[in-house]
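In TrEMBL this protein carries:
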DOMAIN    A:64-108  domain 'NADH-Ubiquinone oxidoreductase (complex I) chain 5 N-terminal'
DOMAIN    A:125-393  domain 'NADH:quinone oxidoreductase/Mrp antiporter transmembrane'
DOMAIN    A:616-679  domain 'MrpA C-terminal/MbhD'
DOMAIN    A:694-769  domain 'MrpA C-terminal/MbhE'
DOMAIN    A:813-935  domain 'Na+/H+ antiporter MnhB subunit-related protein'
TRANSMEM  A:74-98  transmembrane segment
TRANSMEM  A:128-146  transmembrane segment
TRANSMEM  A:200-225  transmembrane segment
TRANSMEM  A:262-285  transmembrane segment
TRANSMEM  A:467-487  transmembrane segment
TRANSMEM  A:507-527  transmembrane segment
TRANSMEM  A:572-594  transmembrane segment
TRANSMEM  A:633-650  transmembrane segment
TRANSMEM  A:695-715  transmembrane segment
TRANSMEM  A:755-773  transmembrane segment
TRANSMEM  A:871-894  transmembrane segment
TRANSMEM  A:914-938  transmembrane segment
Amino acid sequence: MLLVLVAHIVAATSAPVLVSWLGRRAFWVLAAAPASAVVYALAHTGDVLGGATPVQVVEWVPALGLQLAFRLDALAWLMLLAVGGIGTLVLLYCSAYFARSAHGLRRFAAVLTAFAGAMVGLVTADDLLLLFVFWELTTVFSYLLIGHYTDRKPSRRAAMQAIVVTTAGGLAMLVGLVILGVDGTWRLSDLVADPPHGPAVTVAVACLLAGAASKSALVPFHFWLPAAMAAPTPVSAYLHAAAMVKAGVYLVARFAPAYSDVPVWQVTVLVLGAGTMILGGYRALRQHDLKLLLAFGTVSQLGLLVLLLGFGTQAAALAGLALLGAHAMCKAALFLVVGVVDAATGTRDLRSLSGLARAMPGTAVAAVLATASMIGLPPTAGFVAKEAALAALLPDAGHAPPAGLLAAGGGAAAWVLLAAVVLGSALTVAYGLRFVWGAFGTRRATLPVAGMSAVGRQPLLLTGPPLVLAVLGVVAAVAAPAGEAVLGQHAGTYAGAPGHLALWDGGTPALGLTLAALALGVALFRWRGAVERAQDRLRVPAADGAYRRTMRRLDELAADVTGFTQRGSLPVYLGVILVVLAVGPGLAVAWGLVTGPLPVDLVPWDRPAQAAVVAVVGVAAVLAARSRRRLKAVILVGVAGYGNAVLFLLHGAPDLALTQVLCETVTLVVMVLVLRRLPPYFSGRPLAADRWVRLAVGVLTGVVMMVFAVVAPAARIHIPVAADFPEEAVSYGGGHDIVNVTLVDIRAWDTVGEISVLLVAATGVASIVFLRVRSGEVLRMPRARDGVPDGARVPGPLAAGRTLAPRRRSVLLEVATRIVFHAMIVFAVFLLLVGHDRPGGGFPAGLVVGIALTVRYLAGGRYELGEAAPVHPGLLLGTGLFLSAGVGLAALLFGGEVLQSWILDREVPVLGHVHVVTSLFFDVGVMLVVVGLALDILRTLGAELDRQAEEDGDTMTPGRTVGMAGATGETRLGVIGVTEALDGAPAQVPAGREGRP
Amino acid sequence: MNPEMVPSGVLVVAIGVLFAAGVYLLLERSLTRVLLGFILVGNGANLLMLVAGGRAGGAPIAGITPVDEMSDPLAQAMVLTSIVITLALTAFVLAMAYRSWQLNGHDEVADDVEDRRIARLAARNAPVYRDVDQGEAGTLDEDAAAARDETERDEAGDKTGEAT
């Protein structure tokens with residue numbers, strides 16, 4: 001079985017190449033794939049007859065219990081023959097049907113072959129989820145085939161409609177399959193042999209039937225099938241007559257032995273089946289397009305098939321299986337006939353066709369034989385099957401189930417059902433006659449006859465396949481007893497007395513019903529004019545209109561939901577998140593506090609000094625929130641930050657305090673650097689009401705956070721992971737400062753992630769600010785050989801001080817910088833080296849270097865920054881990340897874990913005892929990344945902003961803004977104020993270095 | 001309750017004030033204020049993590065502070081990286097604020113125009129995107145009459161057409 005599937009996969013994947021090489025003859029080669037399915041099925045006929053079921057299982061995902069399980073029983077055997085046999089003939093037919101120059105033939109060949117493979121998998125799969133996979137594959141391939149003419153709107157629309165409807169049903173089916181499989185077995189055969197029952201299973205059964213109904217085009221999902229006739233005719237013959245639409249029927253036949261006694265099953269199957277049969281026949285009666293006529297006829301027959309196979313008795317099931325085979329043969333044959341007619345005459349409209357019986361006798365014979373099978377005339381398989389069906393449905397024949405829906409109304413329901421089937425059969429007779437008469441009859445055509453004179457001999461590959469199928473319909477009728485033996489194997493799994501298949505059973509009541517249906521059908525056809533006029537007066541509401549309205553409503557609903565939730569306003573989004581935080585987790589914690597399980601305990605303070613610092617922090621925070629001046633707000637936030645550092649220190653976290661102080665300093669400087677360019681005041685206040693809302697959300701969040709702060713420590717029930725850190729830090733990490741060892745060793749992976757964030761942020765800042773290039777060059781002082789005249793320059797303590805305008809220079813600052821810079825660098829190195837044992841480490845060291853660079857920049861301008869750090873920050877960031885993460889990998893070479901530390905203790909002359917831990921490299925990497933970040937910030941928000949300001953002529957007008965007169969005036973005043981405070985007037989730029997476009 | 005874990009009241013108050021003031025600023029439209037709010041909220045969150053780690057103690061340095069007097073080093077390690085990341089984020093948002101000012105003359109976060117447009121269209125049930133396949137469909141009959149396969153005959157017909 002696997003081999004058959006592999007054959008399909010190979011054929012489908014090689015199809016494009018084959019079509020390139022062989023043109024449309026490639027279909028001959030591709031036909032071998034479905035033919036292999038036929039050969040496989042026929043080779044195992046003996047097994048199936050003997051009741052054996054060959055099984056193949058390949059483990060797929062053992063942990064999930066997913067298996068590629070396949071099983072061949074009588075039902076799968078029948079389906080394999082239909083799918084493989086008709087697939088073979090259709091592919092051969094394609095080689096003659098399509099023009100040599102037809103578009104998209106490569107894709108078409110591949111998809112059609114792949115579809116055949118999916119169908120083979122679907123009917124043999126013995127695993128619920130595997131079944132679903134193949135089910136959806138057929139949906140997708142069908143979508144591609146219906147939409148084959150991608151340039152045609154109806155084609156695209158039909159494809160979309162088909163995939164939406166069948167996928168919706170498929171998803172419902174998946175739910176059903178999961179409900180069935182999750183508690184028991186995923187093996188289909190085991191499930192059907194020992195089906196679970198219960199309320200959940202009832203839901204599952206309803207879901208399964210939804211899937212089957214959508215796939216097999218039952219009312220109310222039937223509308224996609226006629227629209228799918230936009231596909232090429234061979235596709236209609238294969239997918240929409242023989243194969244895919246039979247998938248739903250197959251599903252019903254598969255599960256009926258297990259669940260046909262469930263009430264929801266009976267209601268759905270019988271009502272939908274009978275309703276579909278009548279509606280399809282009724283609509284078929286008034287079609288002029290031959291394909292549409294057959295499509296509605298298919299809908300009708302699918303209804304009957306589902307009804308028979310879902311009925312739940314052995315006799316009905318046997319009749320249903322026989323009808324399944326008969327219908328596959330005759331309907332595929334009829335579609336292929338339409339293709340022949342279409343190809344020969346250029347039209348499918350029966351009003352334009354006349355006298356084709358004489359022009360194409362072979363095709364006409366095929367059509368007559370296939371139609372006879374469809375409407376149930378002897379000696380055809382259709383007649384055998386329909387006789388058996390009517391016999392099985394006769395209420396007093398001893399076949400009907402004793403209880404359930406059919407017993408309702410004292411057995412009247414059973415009679416109603418029988419009447420519906422007879423009526424449906426009569427309609428089938430009427431539209432069958434209409435088809436033959438319309439396609440081949442000789443009469444006065446009501447529309448201009450198109451190209452009829454050009455009808456010549458059709459190629460054998462075009463007329464052969466339908467004729468073969470039609471003749472097979474007769475052969476199968478003769479072989480009815482053999483059919484009963486094979487199909488009985490599956491029918492035997494149903495309840496009730498066995499049925500019977502025979503070409504001639506004598507004068508039974510079923511024969512009478514058949515005659516009645518025939519008579520009624522002939523009458524409907526004889527008086528077709530009256531029937532058509534009656535139908536025109538009595539319009540049935542079209543389901544596809546309802547579908548379109550539903551889809552439009554869905555679109556509108558989606559747009560409404562989007563419009564409601566996606567406000568596009570940052571404050572609204574943040575507000576919603578925060579309110580949800582308060583309402584969700586906040587209320588939950590509050591509830592826990594009120595009802596008692598959460599203990600609450602509080603001490604006023606750990607150390608009295610905390611109270612004083614908290615007072616400062618609190619006041620600063622509140623004032624910052626109220627401030628209208630940017631600078632004031634920034635400085636107040638800075639105060640709060642420094643206060644936090646003190647709180648860290650009081651808490652016993654010197655590392656944090658150090659880092660916080662350094663970070664706060666850099667932040668302040670950076671903020672002020674940018675504020676130079678921004679208006680001094682925040683823009684006009686929003687509405688007062690708005691402010692109260694924000695205040696309310698703020699206070700609410702604050703309260704919730706306070707509750708969390710009280711509850712979180714108390715909620716600890718396990719020993720903290722950090723309990724062993726002190727010991728581990730010394731013995732494994734080789735350091736005494738546990739926080740630092742945690743960063744570079746115990747939780748080094750976290751740190752790698754975090755410095756990666758720094759790298760990304762630094763790169764982001766650079767790319768936002770450097771407009772013309774992705775990252776600016778390193779600004780260096782012009783060398784003497786550049787020959788820069790420097791008459792106006794005054795020498796000073798800093799190399800680049802000369803590049804500043806005299807009134808922007810501060811000698812005091814330059815001298816101080818000269819003194820402290822090197823000391824700061826040495827301090828940074830000290831912090832780095834002691835970090836493993838004392839407060840310090842890569843982060844603070846990098847920040848100290850950053851501050852040292854900041855001082856140089858503030859004192860000497862942007863050229864001074866280039867002189868102080870003549871490297872590209874990208875290099876620092878990259879090297880840093882490499883040292884941290886890359887060197888961590890080196891431990892792998894020595895058989896250790898990634899980022900594992902090695903401790904080296906050596907006696908070195910002069911220095912004495914040296915204790916080195918390899919994680920020092922990690923810390924150096926961290927430091928480099930932080931320095932790179934600081935340098936990037938200074939270069940962009942400092943130096944580049946200077947440059948852009950000078951370019952704007954220091955007018956402080958925002959770049960591409962027009963008509964900002966009022967705002968600009970205010971802007972200019974304030975910003976110059978800040979600028980003066982910082983470095984005064986525009987710098988004098990060394991010629992040849994800048995001012996380049 | 002473990003006395004080691006009882007939180008300090010003033011720290012809880014500090015957390016509340018920092019969060020309240022921070023959120024108040026965060027809900028503003030000016031990017032600078034949003035950023036300041038973010039920094040305040042970040043400070044509050046750092047304190048919260050510290051408090052969640054337990055009571056104040058000695059610096060977590062082995063050999064100096066006895067193990068049972070140490071404050072929780074894990075919380076501190078996490079807060080330390082968070083501080084530095086806040087710095088990076090501050091620079092990033094500042095760059096955005098500057099760029100916004102450069103382009104628009106202010107640093108306010110404007111509403112998303114596209115979202116507004118969709119909401120407006122949705123309010124009057126107009127289609128929010130253009131779909132070439134939308135619009136009135138033809139009837140089944142019309143579509144069927146227009147649908148033709150590229151069959152062998154077309155080619156022959158074309159040829160005869162060219163010949164005549």
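Placement of Cβ uses the backbone N, Cα and C atoms for every residue, glycine included.
Across A:128-146, A:262-285, A:633-650, A:871-894, the stretch most heavily in contact with the transmembrane segment (A:914-938), judged by Cβ pairs under 8 Å, is A:871-894. When Cβ-Cβ distances under 8 Å to the transmembrane segment (A:262-285) are tallied for each of A:74-98, A:128-146, A:200-225, A:507-527, A:755-773, the top count falls to A:200-225. Contact check: the transmembrane segment (A:467-487) against the transmembrane segment (A:74-98) gives at least three Cβ pairs closer than 8 Å, residues 6 or more apart, which meets the contact criterion. Remote same-chain partners of the transmembrane segment (A:695-715), defined as residues 6 or more beyond its termini with a Cβ less than 8 Å from a stretch Cβ, comprise 575, 578-579, 581-582, 585-586, 589-590, 592-593, 598-602, 625. Confidence for the domain 'MrpA C-terminal/MbhD' (A:616-679), expressed as mean pLDDT, is 92. Same-chain residues lying 6 or more positions outside the domain 'NADH-Ubiquinone oxidoreductase (complex I) chain 5 N-terminal' (A:64-108) and placing a CB less than 8 Å from one of its CB atoms are 1-2, 15-16, 19-20, 23-28, 30-31, 33-38, 40-42, 44-45, 47-48, 53-58, 116, 119-121, 123-127, 129-130, 144-145, 148, 150, 186-189, 232-234, 237-238, 242-243, 246, 250, 253-254, 321, 324-325, 328-329, 332, 336, 339, 343, 459-462, 464-465, 468-469, 486-490.
Tertiary neighbourhood of the transmembrane segment (A:755-773): same-chain residues 873-874, 877-878, 880-881, 884, 925-926, 929-930, 932-933, 936-937, 939-941, 944-945, selected by CB-CB distance under 8 Å and a gap of 6+ residues from either end. With helix defined as DSSP H, G or I and strand as E or B, the domain 'MrpA C-terminal/MbhE' (A:694-769) counts 63 helix, 1 strand, 12 coil.
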